[in-house]
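Colleague: I grabbed these lines from Swiss-Prot:
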- HIS9: active site, tele-phosphohistidine intermediate (ACT_SITE)
- GLU87: active site, proton donor/acceptor (ACT_SITE)
- 8-15, 21-22, ARG60, 87-90, LYS98, 114-115, 183-184: substrate binding site (BINDING)
- HIS182: site 'Transition state stabilizer' (SITE)
Amino acid sequence: MVKLVFARHGESEWNKANLFTGWADVDLSEKGTQQAIDAGKLIQAAGIEFDLAFTSVLKRAIKTTNLALEAADQLWVPVEKSWRLNERHYGGLTGKNKAEAAEQFGDEQVHIWRRSYDVLPPDMAKDDEHSAHTDRRYASLDDSVIPDAENLKVTLERALPFWEDKIAPALKDGKNVFVGAHGNSIRALVKHIKQLSDDEIMDVEIPNFPPLVFEFDEKLNLVSEYYLGK
């Protein structure tokens, strides 16, 4: 059986401060750095050997991937970065404290923005300091592709081509794959892999630690699912 290991990035500085992060390129906290290292140690203890790895273009996921692979003594494994694995874009909520947003917009509205499958948060202003439209890492993308806000539905729509073009073919080829990504980009792919309904995915949480493992047969049927170390 082939293995797909999802590692959500370790705690970021904005996770720690309870801020909406999205596409803002925020670093790992000290705790998050240790979580990434511990993830790698769990991988090594489980005897999982990777053939390739994928991550986003955001430093918290890139660093988590590198730290985990290093701790697993597999830093040589090829890593491909893609914006399609980025966190969900939180639009105009980016940088806001979650508790303060609830006070401003109401608990129910913020809950809907965060947890619903297809409701979009307010757009991010084009001149916002965190706007991806002026970020050099997205210069090769058509401007119309760069989001100003996303829900989980849109996140899945842009992550799915990467699954179909990169991750799934590697698994079908018998390769073990590491994906260092984000809570919502992982949730989106989990929805697709497990064929969860729009309502079912609302209750799925992906922790910063430990890594989540999926095992597949040669036809890419899901055989088992578990968290390392649990």
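Yeah, the Cβs are placed from backbone N, Cα and C, and that goes for glycine too.
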Colleague: Rounded to a whole number, how many Å is the Cα of HIS182 (site 'Transition state stabilizer') away from the Cα of LYS98 (substrate binding site)?
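Modeller: Distance between the two Cα atoms comes out at 18 Å.
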Colleague: Where GLU11 (substrate binding site) and GLU87 (active site, proton donor/acceptor) are concerned, what is their Cα separation in Å, rounded?
Modeller: 14
Colleague: Which state, by DSSP, holds TRP14 (substrate binding site): helix, strand or coil?
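Modeller: For TRP14 (substrate binding site) - judged by DSSP and reduced to three states - the answer is helix.
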Colleague: Just jot down the residues in the same chain as ARG88 (substrate binding site), at least 6 apart in sequence, with C-beta under 8 A of its C-beta; none if empty.
Modeller: GLY22, GLU150, ASN151, LEU152, VAL154, THR155, HIS182, ASN184, SER185, ALA188
Colleague: Let's check the environment of GLU11 (substrate binding site): how many other CB atoms sit within 10 Å of its CB?
Modeller: 21
Colleague: With Cβ-Cβ distance below 8 Å and at least 6 positions apart along the chain, what are the contacts of TRP14 (substrate binding site)? List them in sequence order.
Modeller: PHE20, THR21, ALA24, VAL26, GLY95
Colleague: Please report how many Å separate the Cα atom of GLU87 (active site, proton donor/acceptor) from that of LYS98 (substrate binding site), as a whole number.
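Modeller: Distance between the two Cα atoms comes out at 16 Å.
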